[in-house]
Each structure stands twice: as C-alpha cells, then as structure tokens.
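Quick look at what Swiss-Prot annotates:
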- 50-120: domain 'POTRA' (DOMAIN)
- 1-23: topological domain 'Cytoplasmic' (TOPO_DOM)
- 45-256: topological domain 'Periplasmic' (TOPO_DOM)
- 24-44: transmembrane segment (TRANSMEM)
Amino acid sequence: MIKAVKMNTSFDKEKVRKHLPGAIFLSLVVITSLWLVISTISWMTDEDRLPLSHMIIQGQLKHITADDIREAIDSMDSIGTFMTQDVNKLQDALLSLPWIAQVSVRKQWPETIKVFVVEHQPEATWNNRVIVNPEGVVFNAPMSDLREPKPALFGPETSSKDVLDFWHQLQKQFEPIHVTVHSVALTERLSWQVVLDNGIRLELGRDSREERVERFIALYKQLESKKDSIDYIDLRYDTGAAVGWKSDDVENKEEN
C-alpha cells in the first residue's frame, strides 16, 4: 500500500531575508561588470577613439617616398582604430607599390603604426618593360624610375633567372679582357646573343656555349687593337669564328 507524503512548501522567510542582501549585491556586481565590459569594447571600437593617426616608416627608401606609403594607406576604403584595424590589410595595400619587396606593419599603442619596408634592388631590365632583382625575380616597376643604366636582358618570360645568371658569369669571365656586357638575349629558339659595352655583338648559338665564350676570349686578345672596327663575331662554328667589320667592304671580312 502506497502512502501519500505531503511536501512542505512553506518558505523559510528568515533564511530568505538573511541571504537577500548578498544576492542583490552579487547581481549588482555582475551587472556592473557586464556594463564595464560593454562600455570598454564600445569605447575602444569607436572610430573617434584611438584612431591610427601617426605613422613611423623604417627602411632604406631609394625609389619610393614616405608620401607614396602614406598615399597607399590613405587609398584604402577606411582605416580602423588601434583595436579594429587588420595589419594584414595594411600590408597588402603597401605591397601593391611595385618597388616594395617586403613590408611589415605593426601597431604601437595608442595611435601609431610602424611600417618597415624592404625595396626591390634593381639588377637589370627585362624585355625593355620591367626590372629584374638580383635573384632573377621580375617586378613590375617602371624603368623610368632607374637612376643609373642597367644591363638589358631579353628572353622568354620564365627565363629571367637563367639569363641573369649568364650575364653574371660573363661579367666575371670578361674581366681579364676589360670588357663588360651591355645586353644578353635568349631567343625563343634558345640561341644566345650578347652585346658588349663597346658595341660588339657575339653570336653564341644554342650549343657549346661555354666553349664558344672561351674561344671568343682567346680571339679578342688577338683583335683588341681593331675592336673599334668590329661589328660582330659569330662563334656558331665547331672551330674558329666569323668576324664582321663595320666597313661595307666585304674584303674586310675575316675568317679565323
């Protein structure tokens, strides 16, 4: 047989009265804390608070100016506050400048951004359109920005590093004969053509490139006294070379 049990639902008024002040105090603390958090977040994200109004620029600037950097950042749709601005977006905006190779942006409390810039170093021009850095990487800066003459390199779009490496090699090999390389071209058929600073054009062809360069060096030592009259030297032979002279007289063409 199941007996019914009557639940005691009466409140202990004394106990409630005893704990009520503590509960009210705790509630006030929680509410106040939430209000402070919300107010702080609102204050820190307010565009009128902590605006990024100062900039420190570091790095050696030769081809761009501090004004170029400021204009790139000002061109963004909007610039946030110290708390809201994503530095990656600032970096992306600066990397759109053609002379910037690397950039690092940091925020400094309370209203400053620090920008460290590394410029591309121009080593040569490429296909009379753009510029190559010392690693053979092409970057799309205007050639008119160059402050001194650079060697002219030509070739298929993906060959910039190979052509630059060959130019470096020739510069070293030609030091003993006191000539420098004005331009190096690799044709679509992978044939090499070199123009020296004295205007002499070398036809090296596709094969036996290293041997033909050595052959030219030996030949040039013999012809150095006549260098001002030489138009081109064609080394696309198993042995020897054909020398083309600037004179129109075909009798001045020599076979060596």
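The backbone N, Cα and C atoms fix where each Cβ goes, and this holds for glycine too.
It should be emphasised that the depicted structure is a prediction, and the values quoted were computed from it without experimental measurement.
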Model confidence over the topological domain 'Cytoplasmic' (1-23) (mean pLDDT, whole number): 57
Summary of DSSP states over the domain 'POTRA' (50-120), given as helix, strand and coil counts: 18 helix, 24 strand, 29 coil
